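To start, the structure under review is shown below, and the notes come after it.
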Amino acid sequence: MSDLVVDHPQYYADYTPEEEKRAVRKVDFLVLPFIVLCFLMLQFDRTNLGNAQTDTILKDIHITTANVNIGQTLFTLGFVLFELPSNIIAKAIGPHRWVPVIIFIWGLLTLCQAFLKNKGGFYATRFLIASGEAGFIPGMAWYITRFYQNGELSLRLAIFWAANSVAGMVSGPLALGILKGLNHKHGWHGWQWLFLIEGAMTMFVAILAVFYLPATPTEGGKSLGFPILNRRDAEVLSARLLADDPKKAIVHGERVKFVDIKDTFLDWRLYGHCIAAFLSSVILTPINTYGPSVIKSLGYAGFTANGMAAPASAIGLVFSVSLAWSSDRTKERGIHIFVAMALSCAGCLWLALAPDGVGKRVLYGGYLMTAGTMGCGQAINASWLSSRFEERKRPIALAAYVAFIQMAGFAGSNVFKPKDAPRYKHGLIICGACAIAGGVVMLVWKALYAWDDRRNLHQETETSNLGVQQLEHGTRAGDNKYYEEDK
């Protein structure tokens, strides 16, 4: 089966500025925040292992830091293996139907971690949780592109990715409350309660998502249980969407073809975005996994370290959204991404190279800059990538993009060596070098796009001129023919 193009008059309907504002506002305030809530659950379940390590989980299930690194490598493997297959299913049945299913699956598996007894169970749950989570980010990123014009995407995707920061602000204090308040309650350790509660929360959100998430505007915008978008809202959103990018008329319900996958991976434009995403994401796994432990090593109490990770997330939230707003407003992508990655590099080097004799507050400042800027250019990068690909390639390109981010976890899971604890200087220097290298790749891609656009414009101009010449030649030939006939 091939993709179907929507061809209904209402998708090209006229609408007033007031109707447009109202429809976009509904998506901004009713759809997007719920998507962020779902992402929040993802981040809780991805980062709670780091919080659990400030408790007694390593001793209780008889694992070491090396085992945690192996577990995180398996976690990354699960993501990479199931990223594209999950997005293929999302395209076939719609992300608003598929995503609630995978949220429920990984929520259940997160809850099951409360019953861990040994490293075998630890390895299995890390792999299976990632397998469930794999399709969420690319599926939801593609879902968002179906509601907004391309020039609006950087800010909206930044708000989507801001769930990383919101989770960081909330998960630390939440973990602190659970670990301290429920430790040894009913014979359970604090880390067991942490997995149990956060897994149950995720499962509840998954059930709610089944009834809440609406279909995309080109599919009518209906949800199973909530009147979020009415028929007119869907008409207006579809009309403005297709006026901006007619390729988005392709609807869900059709399977991805092999030629779509082949054409996407043979497209040179994909790889600059993916390489930059990989390089800048090497820092994510070690900071998410060992962040509270790093703070603890600076001289702060163990449980307090969980709460002290929150300010970095607040910094990341403000910085990423502000940067994306500036990117949409100025219609510029490459330099904005470079700035984010350069600041991430500066934070890594600050924390790594500060003299041993400096106070813990100075080192904590380095941590805040590192954790507060890492990954802040990813939303702009995804938006830039999305705008450069046609609709049949877009979900595949986004899945590949997120897969490269996850593959960075292979390096990130092993870049912090136990012998370098507690500051992990060598690992931080490596992460900083990778981040700045990713920024340079984005500047190169900006130059390549400028060259490619000029080349395409030149070819279009030549084609247009050739067509005019052929038309004029045909007209002259016709005039001569009629002249001969008149004679």
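Just so it is clear, glycine is given a Cβ too, placed from its N, Cα and C backbone atoms.
Among the features that TrEMBL reports, domain 'Major facilitator superfamily (MFS) profile' is placed at 31-450.
The annotation transmembrane segment is assigned in TrEMBL to 27-44 (among others). Long-range contacts of the transmembrane segment (27-44) within the same chain: residues 99, 103, 106-107, 133, 136-137, 140, 143-144, 147-148, 156, 159-164, 166-168, 170-171, 174, 198, 201-202, 205-206, 209, 212-214, 228-229, 237, each at least 6 residues beyond the stretch ends and with a Cβ under 8 Å from a Cβ of the stretch.
Under the heading transmembrane segment, TrEMBL lists 64-86 (among others).
Feature annotation from TrEMBL assigns transmembrane segment to 98-116 (among others).
Beyond the ends of the transmembrane segment (122-145), by six or more residues, the same chain brings 32, 35, 38-39, 42, 45-46, 49, 61, 63, 67, 70-72, 74-83, 85-87, 89-91, 95-96, 98-99, 102-103, 105-106, 109-110, 112-113, 116, 153, 156-157, 160, 216, 248, 382, 386, 394-395, 398-399, 401-403, 406 to within a C-beta distance below 8 angstroms of the stretch. Annotation source TrEMBL lists transmembrane segment at 122-145 (among others).
The transmembrane segment annotation in TrEMBL covers 157-179 (among others).
Same-chain neighbours of the transmembrane segment (191-213): 31, 34-35, 37-38, 41, 44-45, 48, 51-52, 55-57, 60, 96, 99-101, 103-104, 106-115, 174-175, 178-179, 182-183, 185, 223-226, 228, counting only residues six or more beyond its ends whose CB sits under 8 Å from a CB of the stretch. What TrEMBL lists as transmembrane segment is 191-213 (among others).
Annotated transmembrane segment per TrEMBL: 270-288 (among others), in sequence order. Distant neighbours of the transmembrane segment (270-288): 46-47, 50, 72, 76, 264, 294, 337, 340-341, 344, 348, 370-371, 374-375, 377-378, 381-382, 384-385, 389, 397, 400-401, 404-405, 407-409, 411-413, 415-416, 424, 427, 430-432, 434-435, 437-439, 441-442, 444-445, 448; these residues of the same chain sit at least 6 beyond its ends, with a Cβ under 8 Å from one of its Cβ atoms.
Marked as transmembrane segment by TrEMBL: 300-323 (among others).
Here TrEMBL flags 335-353 (among others) as transmembrane segment.
Outside the transmembrane segment (365-384), and at least 6 residues removed from its termini, the chain residues within Cβ reach (under 8 Å) are 141, 150, 153-154, 157-158, 160-161, 164, 168, 273, 276-277, 280-281, 283-284, 287, 291, 294-295, 298, 309, 311-316, 319-320, 323-324, 327, 333-334, 336-341, 343-344, 346-348, 350-352, 354, 398, 401, 405, 428, 435, 439, 442. For 365-384 (among others), the entry in TrEMBL reads transmembrane segment.
Feature annotation from TrEMBL assigns transmembrane segment to 396-415 (among others). Packing against the transmembrane segment (396-415) from elsewhere in the chain are residues 69-70, 72-73, 75-77, 79-80, 83-84, 86-87, 130, 134-135, 137-138, 141-142, 256, 260-261, 264-265, 267, 270, 273-275, 277-286, 289, 378, 381-382, 385-386, 389, 427, 430-431, 434: each is 6 or more residues past its ends and has a CB under 8 Å from a CB in it.
Remote same-chain partners of the transmembrane segment (427-449), defined as residues 6 or more beyond its termini with a Cβ less than 8 Å from a stretch Cβ, comprise 269, 272-273, 275-280, 282-283, 286, 333-335, 337-342, 344-349, 351-353, 370, 374, 377, 381, 388, 411-412, 415-417, 420. According to TrEMBL, the feature transmembrane segment maps to 427-449 (among others).
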